[in-house]
Amino acid sequence: MTETKTQTETETDEEEGTDTDTALDTTIYYDDDADREYIDDKTVAVLGYGSQGHAHAQNLADSGIDVIVGLYEGSSSRDAARADGLRVETPATAADEADIVSVLVPDTVQPDVFEAIQDGLDAGDTLQFAHGFNIHYNQIQPPADVDVTMVAPKAPGHLVRRNYEAGEGTPGLVAVYQNTTGTARKEAVAYAHAIGCTRAGAIETTFREETETDLFGEQAVLCGGATALVKQGYETLVDAGYSPEMAYFECLNELKLIVDLMYEGGLSEMWNSVSDTAEYGGLTRGNQVIDESVREEMESILEGVQDGTFAREWISENQANRPSYTQLKAAEEAHEIEAVGEPLRDLFAWSDNEETNDESDVVSEPEAAADD
């Protein structure tokens with residue numbers, strides 16, 4: 001297994017050559033900040049045609065950029081990409097002909113894909129990602145003579161595409177890990193412009209910051225923390241004799257209503273929108289559930305992300321054909337709340353809207369739904 005030493009010490013500032021691991025100020029790039037001359041005459045290879053891949057490729061093409069989609073022979077996405085009017089080649093051929101290689105396949109297969117395409121990277125080319133895992137944890141070691149950047153829309157691919165077509169934008173992230181040409185950041189911002197991110201704002205970050213905050217958020221709050229909280233609340237009510245249906249509504253279904261309020265206007269908007277009874281109960285009881293011991297566990301989870309413990313565990317799990325993952329996933333799918341919720345979700349009109357399940361990403365890890 002390749003060593004998972006983190007690589008923040010090699011991240012350098014584009015203009016000054018200084019460490020950009022910790023940015024003192026947050027820079028947000030908009031349309032006026034983008035100079036399209038840094039991408040307009042270049043060819044982009046988009047490796048993968050899943051959630052993010054199809055959005056990047058189509059948005060780039062509609063912005064006048066020469067795009068090649070890189071898919072292995074036999075990929076089920078080849079016909080779809082061609083039907084969308086895009087040229088399709090193998091990943092190796094696409095990378096060989098491109099100036100920018102955007103790697104939009106799952107984290108777990110990126111190292112193998114890189115092995116297949118690295119000989120096609122010429123000095124001055126750009127190796128681009130939408131998530132920093134494999135660079136940050138040293139699973140991909142790029143050539144020293146290429147730029148390494150990140151452009152990561154903060155939404156599932158179908159929304160990135162839909163917003164672009166509507167003349168709107170999707171917020172995103174841009175980062176520079178390796179800048180050999182001196183223009184890596186300008187090119188990344190131009191790419192973000194071409195896929196529609198600078199319409200809303202592209203936030204500057206680093207590979208370390210994006211990777212570590214993304215993994216922590218998924219584990220402690222969004223995917224791990226939220227689902228564990230929902231299940232514990234559901235089980236508490238059911239064990240106390242309340243109906244599973246009522247427990248489902250109170251602990252899972254209504255969570256969306258609260259999150260939507262927080263999404264739209266922050267915590268204050270949520271508190272201002274619920275009843276006084278709900279507000280007082282939440283303010284006085286919430287910290288009894290999420291207490292200092294939970295904070296200590298969160299800090300432990302963050303430490304495991306920062307020092308590479310989680311990365312090593314996940315890499316080993318995949319190398320062993322995912323035994324723990326398979327067992328845990330099966331147990332989650334067998335939980336009573338799943339059987340209770342299925343007929344209840346049919347009561348809502350949005351359950352008939354297929355777009356709610358259209359190639360959704362795993363939180364902010366856009367490559368997770370990408371094809372090969």
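Backbone N, Cα and C atoms are what each Cβ position is placed from, and that goes for glycine too.
Look at Swiss-Prot and you will find 1-25, 351-372 tagged as region 'Disordered'. Look at Swiss-Prot and you will find 10-19, 352-372 tagged as compositional bias 'Acidic residues'. Summarising the annotation, Swiss-Prot assigns domain 'KARI N-terminal Rossmann' to 24-205. Marked as NADP(+) binding site by Swiss-Prot: TYR49, GLY50, SER51, GLN52, SER75, SER77, ASP107, THR108, VAL109, GLN110, GLY157. Positions annotated as active site by Swiss-Prot: HIS131. Annotation comment: Swiss-Prot describes 206-351 as domain 'KARI C-terminal knotted'. Annotation source Swiss-Prot lists Mg(2+) 2 binding site at ASP214, GLU250, GLU254, citing sequence analysis. The feature Mg(2+) 1 binding site is assigned by Swiss-Prot to ASP214, GLU218. Swiss-Prot lists SER275 with the feature substrate binding site, giving sequence analysis as the kind of evidence.
Shown here: features listed in Swiss-Prot, placed on the structure.
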residue: SER51; record: NADP(+) binding site; CB count, 10 Å: 27
residue: ASP107; record: NADP(+) binding site; CB count, 10 Å: 22
residue: VAL109; record: NADP(+) binding site; CB count, 10 Å: 16
residue: HIS131; record: active site; CB count, 10 Å: 27
residue: GLY157; record: NADP(+) binding site; CB count, 10 Å: 29
residue: ASP214; record: Mg(2+) 2 binding site; CB count, 10 Å: 21
residue: GLU218; record: Mg(2+) 1 binding site; CB count, 10 Å: 17
residue: GLU250; record: Mg(2+) 2 binding site; CB count, 10 Å: 14
residue: GLU254; record: Mg(2+) 2 binding site; CB count, 10 Å: 11
residue: SER275; record: substrate binding site; CB count, 10 Å: 8
Inset, instruction - Please work out the helix, strand and coil residue numbers for the domain 'KARI C-terminal knotted' (206-351) from the DSSP assignment. - result: 126 helix, 0 strand, 20 coil
Legend entry - Cβ neighbour count (within 10 Å, all chains shown) around SER75 (NADP(+) binding site): 19
Inset, instruction - Count the other Cβ atoms sitting within 10 Å of the Cβ of TYR49 (NADP(+) binding site), across every protein chain shown. - result: 30
Legend entry - Distance check against ASP214 (Mg(2+) 2 binding site) for the recorded positions SER51, SER75, VAL109, HIS131, GLY157, keeping those with Cα within 10 Å: HIS131
Inset, instruction - Kindly assign SER51 (NADP(+) binding site) to one of the three DSSP-derived states: helix, strand or coil. - result: helix
Legend entry - Neighbours of the residue listed as 'active site' among the binding-site residues TYR49, SER51, ASP107, VAL109, GLU218, GLU254 (Cα to Cα, within 10 Å): ASP107
Legend entry - Nearest of the binding-site residues (GLU250, GLU254, SER275) to VAL109 (NADP(+) binding site) - Cα to Cα: GLU254
